[in-house]
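Comments concern the structure below.
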Amino acid sequence: MLGFLKRPVVVTADINLNVVVLTAVGLLSRLWQLAYPRAVVFDEVYYGQYISFYMKRIFFLDGSGPPFGHMLLALGGYLGGFDGNFLWNRIGAEYSSNVPVWSLRLLPALTGALLVPMAYQILLELGFSHCTATGAALLMLIENALITQSRLMLLESVLIFFNLLAVLSYLKFSNSQKQRPFSLSWWFWLTLTGVACSCAVGVKYVGVCTYLLVLAVAGVHAWHLIGDRTLSHVGAAVERGERPSPGWAEVGVRVLCHLLARAAALLVVPALMYLLFFYVHLILVYRSGPHDQIMSSAFQASLEGGLARITQGQPLEVAYGSQVTLKNVFGKPVPCWLHSHQSTYPMIYENGRGSSHQQQVTCYPFKDVNNWWIVKDPGRHQLVVSNPPRPVRHGDVVQLVHGMTTRFLNTHDVAAPLSPHSQEVSCYVDYNISMPSQNLWRLDIVNRESDTEVWKTILSEVRLVHVNTSAVLKLSGAHLPDWGFRQLEVVGEKLSRGYHESMVWNVEEHRYGKSQEQKERELELHSPAQMDVSRNLSFMARFLELQWRMLTVRSDDSEHKYSSSPLDWITLDTSIAYWLHPRTSAQIHLLGNVVIWASASLATLVYALLFLWYLLRRRRSIHDLPEDSWLRWVLAGALCAGGWAVNYLPFFLMEKTLFLYHYLPALTFQILLLPVVLQHISDHLCRPPLLRSLFSGLVVAWYSCACHVFNTLRPLTYGDRSLSPSELKALRWKDSWDILIRKS
C-alpha cells in the first residue's frame, strides 16, 4: 500500500535558457538605478496626483482612460508605504523622503522588462526560428525609447505589456487548439487572452485597438473552424472517405461549444473585468474631491463629504411648498444653479433691442441664498408644505417662486438678451403695462419609470415646460454682460428645436418649507435641513455616469512645446526632454533608436509589397511559398503589421495633444515584424548559399549598428552621466545619423 514511498518523487521541467537569459538582461536594463533621478520626471507630475488621490481615498476623474492603470501605479505606492502627501505641481521637483520612488516605478519597469522575453515567445509561437525570435527580443532590449518610458512612473510600458500578452496568449491558445482542444492549457490561454485584452483597455482607451485586432483574428479562425469537418469522429470518417456512423449532430454541437467558449472568454470575460476595474475604483475613491463638480448631484451626494455633507437629511419627495435649488444637469461651461436677484434686465440692450425690464433670471456657478425657489401649487396661496405633504408628480403644473424676492419664474414672447431666437426668462414684475404674467410650468420627469412618478430630490431629472408658449427652461451657456454680473444666460427654448441636456435640471438641495411669512422664510432659507432620506446610487448608475463623463469630458487641447504629429513619429522628427539635472548637464530624453525605427518602417513597407506580390501570383495559381509558410506569413502580418496599423492610424483622427510616446505601442508590433521579414528574405529570396551568407553578414552588421546607436544615446536614456556642451550638441536627435557615421 505504501509502495510508492520506495521510489523517489521526480519532477522534470524543460527550461528554455534563452528565455531565462533574455528575462535577466531585460530586468537589468530596466531596473538598474531605477530610483534615479529622485525628482519628478515629465508626466510623473500628471500620474502622481492620481496616486495621491488613491492614497487619500479622494474621488477623481481622468478623461484619458479607465482607472486600471492608475490603480496599478497606486498599488506600487501602497506597497512602498506612500501616504499621498506630496505636492505634484512641478516637473523637476525633488521627491521628499516619504515618496517611495523605486516602488512607484517598479511596475512599469517590470512590464517593460518582460517585453523582451515576450517578443521571443511570440515569434516562436508564430513558427519562426529561435534565431529570429532572439533577434526580436534583442531589438526590444536595446530600443532606447522603450527603456526610457518603462523606467518611469508612466503607463505606456504597462499598455504595451498587456497588448503583447493578449497576442501571445491567443497564439498559444491557437496552437493548443491544433493539439488538445478543451484541455486545461487550452482554457487557460483562451481566458488569459480575454483578461489581457480587458487589462489593455483598462489601462488606456487605445488598448481597444489591439483588442479589436485579436477579435478579428479570432473571428477569422472561428469562421474556418465552422467548416472544419475533423472536429469529430464523424467528420474524420468523411475526410477518409468512409461511411459515417449516425450522429451528424455531433459536428454542430462541438462547433457550437467552440464558438461559445470563444464568446465567453473574449467577450463576456473582458466586459466583466472592465466593470470590475470601475467597481474597485469606486470603492477606493469614496471621498469628495476637486473633480466632484463635473458629476451629477446624485453622484456627488454618494461621496463622503462635499455635497453629501450639505444635503444630509434632505426629504426625498418634492412637495408643494418645498424649498429647492435647481442645478442644470448639462453643467457647461460650468456647473450652475437657477438663480435670480433684485436687478432687472436693461431697458435697451447694446445692440438696440428692447427688453421686458423684468427681474433677471440667470444660472449662477456658486452656492448662494438667491438660488432657492419655492414650488407652489397654482390653485393655492400657501408657500409651506402641508401635513401630510402633497408630492409633485410628472405632468403636474406648478409655479416657481423665488425665495428671497417672492417673484414668480416667468417667460413670454420677448427675445432673450444674447439668444434672440429664444425667449427671455425672468421673474415677473407687474408694471401695469398690459403685460400679464405667464408663470405656469409643466413638470416633465425625463428619467421617470412611470407616468405617475414623483419628483425626487437629486434623483429626478426634469424639464420645465412653459404652459403658455411650450418653451422649455434651458441654459444657453452664454455669459451675460456686466449688467448681468457675468452670470450665465437662461432662456426659454421651443420644443420644436429638439431635446438637449441643457434643458434638464435636478433638485440638489431641498427642505420642506414651514414659514409663511417672508422674513421668517428668509431665515429658514439660511438654515440646514434636518430630515432623513436615502440617496444611495447603485453601482451601475455610478459606473454609467462616470464612463460617460470620461468619454465626453474635454481635455486640454492646448499646444505643448513637445507635442508632435503622427507623421513626425515615423520620421523621428521629434523628441521629448523628460528631465534636466538642476546642477549638472545630466538629462533624460525620450529618443528612439534611429536604426531600429527606420528599419522597422522599411520592413513594414517590404512586407506589404511582398504580400501583395504573393497574393497576385496566387490569384494566377502560382504558389511561391508552401502552404504552411504562406499561412505563417499571413498570420504574422495580420498580427504584427496589423498591430502597427491599428495602434498608429487612429491617431490621425484624434483631436488631442499628441506626443512621441503615443507611437510606442505601434512601434513594438513593427519591431516584431522586422525579424520576420529578415528571415523570410533569407529563407525564400536569398536561395543561393553565397547570397544567403552575404545577407546574413549584412544582418549582423545591421544589428551592430543598432547596438552602437543604443550605446551612443545611453547617457540620455538613463541620465546618469554629465555631458559636455559639445557632447550635448552632438547628441541632438536630428544629428544621430551623423554621429553614427563619424564614430563608425
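Glycine is treated like the rest: Cβ placed from N, Cα and C.
Record features (TrEMBL):
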- 315-378: domain 'MIR' (DOMAIN)
- 389-446: domain 'MIR' (DOMAIN)
- 450-510: domain 'MIR' (DOMAIN)
- 9-32: transmembrane segment (TRANSMEM)
- 68-88: transmembrane segment (TRANSMEM)
- 126-147: transmembrane segment (TRANSMEM)
- 154-173: transmembrane segment (TRANSMEM)
- 185-203: transmembrane segment (TRANSMEM)
- 208-226: transmembrane segment (TRANSMEM)
- 263-286: transmembrane segment (TRANSMEM)
- 590-615: transmembrane segment (TRANSMEM)
- 630-653: transmembrane segment (TRANSMEM)
- 660-681: transmembrane segment (TRANSMEM)
- 693-713: transmembrane segment (TRANSMEM)
Average model confidence [pLDDT] within the domain 'MIR' (450-510): 89
Checking distant contacts: for the transmembrane segment (185-203), what same-chain residues at least six beyond its ends satisfy Cβ-Cβ under 8 A? 65-69, 72, 155, 158-159, 162-163, 165-166, 169-170, 172-173, 176-177, 210-211, 214-215, 261-262, 265-271, 273-274, 277
Restricting to the same chain and to residues at least six past its boundaries, which positions have a Cβ under 8 Å from a Cβ of the transmembrane segment (208-226)? 163, 166-167, 170, 174, 177, 193, 197-198, 200-201, 255, 258-259, 262, 266, 270, 635, 638-639, 642-643, 646-647, 650, 665
Taking helix as H, G and I and strand as E and B in DSSP, count the residues of the domain 'MIR' (315-378) in helix, strand and coil. 3 helix, 30 strand, 31 coil
Selected stretch (most C-beta pairs under 8 A with the transmembrane segment (693-713)) from 126-147, 154-173, 590-615, 630-653: 590-615
Could you pull out which residues elsewhere in the chain have a CB under 8 Å from any CB of the transmembrane segment (154-173), counting only those six or more residues past its ends? 42-44, 47, 65, 69, 72-73, 107-109, 111-112, 114-115, 118-119, 121-122, 125-126, 146, 185-186, 189-190, 192-193, 196-197, 199-200, 203-204, 206-207, 210-211, 214, 217-218, 639, 643, 647, 661, 664-665, 668
Contact set of the transmembrane segment (590-615) with the rest of its chain, CB cutoff 8 A exclusive, min separation 6+ beyond the ends, reads 139, 142-145, 148-149, 570, 572, 575-576, 578, 624-625, 630, 633-634, 637, 640-641, 644, 660-661, 667, 670-671, 673-674, 676-678, 680-681, 702, 705-706, 709-710, 713, 716-717, 733, 736-737, 740
Take the domain 'MIR' (450-510) and count its residues per DSSP category (helix H/G/I, strand E/B, coil), listing them in that order. 9 helix, 29 strand, 23 coil
For the domain 'MIR' (389-446), DSSP counts of helix, strand and coil? 0 helix, 26 strand, 32 coil
In the same chain, residues at least 6 away from the ends of the transmembrane segment (630-653) whose Cβ sits under 8 Å of its Cβ atoms read 126-128, 163, 167, 171, 206, 209-210, 212-213, 216-217, 566, 569, 604, 607-608, 611, 614, 618, 623, 662-663, 665-670, 672-673, 676, 680
